[in-house]
Every structure is written in structure tokens, then in C-alpha cells.
Amino acid sequence: MTDTRKQRAAVILAAGKGTRMKSPLPKVMHAVGGRPMMDWSIALARQVGAERIVAVVHPSQDVLIAHLGKHHPDVAIAYQDPPQGTGHAVRCAEEALRGFEGDLAVLYGDSPLVPAATIEDLFGTLSDKTGLGVLGFEAEDPGLYGRLITGEDGSLEAIVEAREATPFQLRVRLCNSGVMAGRAADMFRLLAKVTNSNAKGEYYLTDLVGLARAEGIRCAVAVSGEDDLIGCDSKADLAEAEAIFQQKRRRALMEAGVTMVAPETVFLSHDTQIGADAVIEPNVVFGPGVKVAGGAQIRAFSHLEGAVVGEGCSVGPYARLRPGTVLAANVHIGNFVETKNTAMGEGAKANHLAYLGDGTIGAGANIGAGTIFCNYDGFLKHQTDVGEGAFVGSNSALVAPVRIGDGAYIGSGSVITKDVPDDALAVGRGQQITREGWARNYRAKKAAEKAARTTDQNKKG
């Protein structure tokens, strides 16, 4: 079957100052689910098949501009300076979309939770007769939201701001999200007719509805849930969006077979992957880039980021897995163990109080309590390799670069600076000296000294 769907493009509005965030960081660079809000909007545009994406930014947003250049080099950048409203912002993207003849969606860089299915529905309202679609939501408390006024046939007749609405219109709960889609050529042509004859002296995107209808272009409405369309203008909004995201992701994972003992205390990232029948205990934080296989157990108060956890592993409680950690099946990581850029083979164990950085640990190896991989010399990081079935005794320091051979034993309390062959024993510690009766004589001597000092002080007093 031939795909007759029109080409798609997206303009993402991100030039707002975000003064209510009270932060030097551009508003759209604040994160939800461990991901900048701008990245959520770019991902949304990609999910709905936008072949061309334009980010409208302010020239002063150096952090945002650098981020786009590094992580999204295919996203075109258009500058809005000074900001003069949403309609003006979209017009700033016109040059970047020169020659584009498909459908265009206008998205917002501070709305991180819009589902792709919702934008598909919005594009779906467009047809030969319907040239403009607006995304709305049924507000629990419409308040100051603009109202979407529809006709008997369901078409959109007007967007009315709350301050200009009649008492009858204020009873309407269908509100404007600001997200819009239409034929790109028509949208830019109509935008050229928008004026700034209003109290703020700005060019409003919402004016397109009246201009389109005046030309006989039908306008339509697609509806989404209110939570999906939350915009984040303040830290309070950001926290609300985070709570919505976490609740939805937790539920999705539990419905997929993940056990969460206290789900409200588990915090996930946008890309967290957890397999069926894994168990997540209370107060666990997943930073970006974590993949947990089925049957694994992540115990309480653990923090994972950039880590891969194999099937049947046990992690924690109070463990920290940092980026580059890869655990094969049935690995045990216990309390107060930190790993970074380290791979552990099947069945390897580090059950207590250890730092394992920049290393490999072979299958079945045992890392004793208090073991430290001394990986940093003040300038460079170095590698520690522990072979299969090796045993590292408690309170050992392995000074990298160093290799512990397969089946080798390291005596407790050792400082190891040289490679250890397979099946060898290495002990690097001071020799024990035992003096029988020394403690008894020492106590008697000190007791006498104390008594003499007390007698002398009494004479002086």
C-alpha cells in the first residue's frame, strides 16, 4: 500500500526567558525524568515522523544552543530577538522551513509529557477541508485558560481568552493547550496577516483560527488529557510534571511485571528499562541509562546510573552503581559497595563496603569487605583486572594498573602493586610481631605513672 501521508515538520518554541524558574539555566533545559524538557519535545517530533525540526531560541541562551549543537545537530535553530509572542516565534522559523510543503506542528519546549499518540491525533484532524488543528484538554479548573469554542459539527469556531469570554463561554471546560498543526504554507501565509493590536503588543498564534475561518478554512480540535499537556514555567510546575511522569512510568513497569514494594519511593528516568519479575525495594533511584534484567533484585536505598544489571543479580541495600557498570547474571553487590566503569562476570560477589572503579572482575570471583581499586594517580585512571575465581581478602588495596590472575588469592590487609599469577597467593602487609606478657607489663607501668602523677598533684594542691 502506498503511503500517502504528507511530509511533516515541527517548530519547537523555546525562546521564553523563564524568569519564574529563577535560574540562569534556560527554562527548557530543566529536566523531567532525568532528561531536559527540550529533549522531550525533540523526541516527540521525531516520534511523529517530523522530517525537519526547527528550534526557536533566543540568542542569549548559550547553554541551550550548545546543547542542540552537540546532541541534536540535525535540528535547525531559528532566533527570536526580541520575543514578540507565539505567532512571531513561529514566523521566525519560516526561513528554516523554506521549500517545505507538508504539515507543520507547533510544539513547546516546556511541555515534556505530550504523548506521540496525541500529536498523531492532531495531525489526523487535517484533511483537504480541514487546514488547521488545535490541541485542547478538558480542564478540571479552567480558570484563566483560553476556551475552545466549537460548533454543532464539532469544528473549532474560536479561541476566546478567559478575560474576554462571556459568562456562557466561561462555562466551557475545553481549553487551549497552545499546540497547533496545519498545512505549513497556509500557516505561514496566515501568520503574515497577524497583527499586534492587543494590550501586550504581541503577535498571537491563536489568531490563526479567526483568519483561517475568514478564508473558509475549517479548523478542528483534538483532545488530550490535562496531565499530558502540563507546561513548566516554575520549579513548582517542574515538580508537578515530575510527579506525573513518575506515577505513569511506575504503573507501566508494574503492569509489565515489575514488583515495586513501595512504588511511590522509587524514582525512574526517561529511559529506565526493568525486566519482568524484577523486584525493586523502597527508596531506589534510577538515573539515566539503566537497564535491569528480569529476576534481578534492587534492594533499598540504592542509586543506579548508566548501569546494566543482569538476570538474577542482587544489588544493595545502600549500593551505588555508576556509569559503565556492567553486571553479568547472578552477580551480588552488597551494602556500601560503589562500582564505576567496571564489568563483573557471572556469579562474582562484592558483598560489603568496597570501591570498584575502572576494572574487570571475572566470573565467580569474590571481593572481600573493604577492598579498594586504587584507580587514580592524581592525573590518569588505570585498570584493575581480577581473574575468574579469584579471592581478594578483606581490607585489600589493589593499586592500578594491576592484574590478579585466575584463581589467585590475596591475603587480607594487603596492598598489591604488582601483577599476581594464576592460582598464586599474594600477601603485601607488614609482618606480625607478638610479645607475650607485654600488655600486662604495659598496664602496670602506666597505672604506676598515673598514681604518681595523682599523688604529685595532691601535694601541690
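Including glycine, each Cβ sits where the backbone N, Cα and C put it.
Taken from Swiss-Prot as is:
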- His352: active site, proton acceptor (ACT_SITE)
- 13-16, Lys27, Gln80, 85-86, 108-110, Gly146, Glu161, Asn176, Arg322, Lys340, Tyr355, Asn366: UDP-N-acetyl-alpha-D-glucosamine binding site (BINDING)
- Asp110: Mg(2+) binding site (BINDING)
- Ala369, Asn375, Tyr376, Ser394, Ser412, Arg429: acetyl-CoA binding site (BINDING)
- 1-235: region 'Pyrophosphorylase' (REGION)
- 236-256: region 'Linker' (REGION)
- 257-461: region 'N-acetyltransferase' (REGION)
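Features as recorded by Swiss-Prot, highlighted on the structure.
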residue	record	DSSP (3 states)
Gly16	UDP-N-acetyl-alpha-D-glucosamine binding site	coil
Gly85	UDP-N-acetyl-alpha-D-glucosamine binding site	coil
Gly109	UDP-N-acetyl-alpha-D-glucosamine binding site	coil
Glu161	UDP-N-acetyl-alpha-D-glucosamine binding site	coil
His352	active site, proton acceptor	strand
Asn375	acetyl-CoA binding site	coil
Ser394	acetyl-CoA binding site	coil
Arg429	acetyl-CoA binding site	coil
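Taking His352 (active site, proton acceptor) as the reference point, the binding-site residues whose C-alpha atoms are within 10 Å of its C-alpha, out of Leu13, Gly16, Gly85, Gly109, Ala369, Asn375, are Ala369. Around Tyr376 (acetyl-CoA binding site), the same-chain residues at least 6 positions away in sequence with a Cβ under 8 Å from its Cβ are Gly357, His382. Comparing the binding-site residues Leu13, Ala369 on other C-beta atoms within 10 angstroms of each C-beta gives the minimum for Ala369.
By neighbour count, meaning other C-beta atoms within 10 Å, the densest spot among the recorded positions Lys340, His352, Arg429 is Lys340. Using a 10 Å Cβ-Cβ cutoff, Gly16 (UDP-N-acetyl-alpha-D-glucosamine binding site) registers 23 neighbours. Cβ-based crowding with a 10 Å cutoff singles out Asn375 as the top-ranked of the binding-site residues Asn375, Ser394, Ser412.
When the binding-site residues Gly16, Gly85, Glu161 are compared by Cα distance to Ser394 (acetyl-CoA binding site), the shortest distance belongs to Gly16.
Among the residues the record lists as binding acetyl-CoA, namely Ala369, Asn375, Tyr376, Ser394, Ser412, Arg429, the two farthest apart have Cα atoms separated by 22 Å. For Gly85 (UDP-N-acetyl-alpha-D-glucosamine binding site), the spatially nearest entry among the binding-site residues Ala369, Ser412, Arg429 is Ala369, judged by CA separation.
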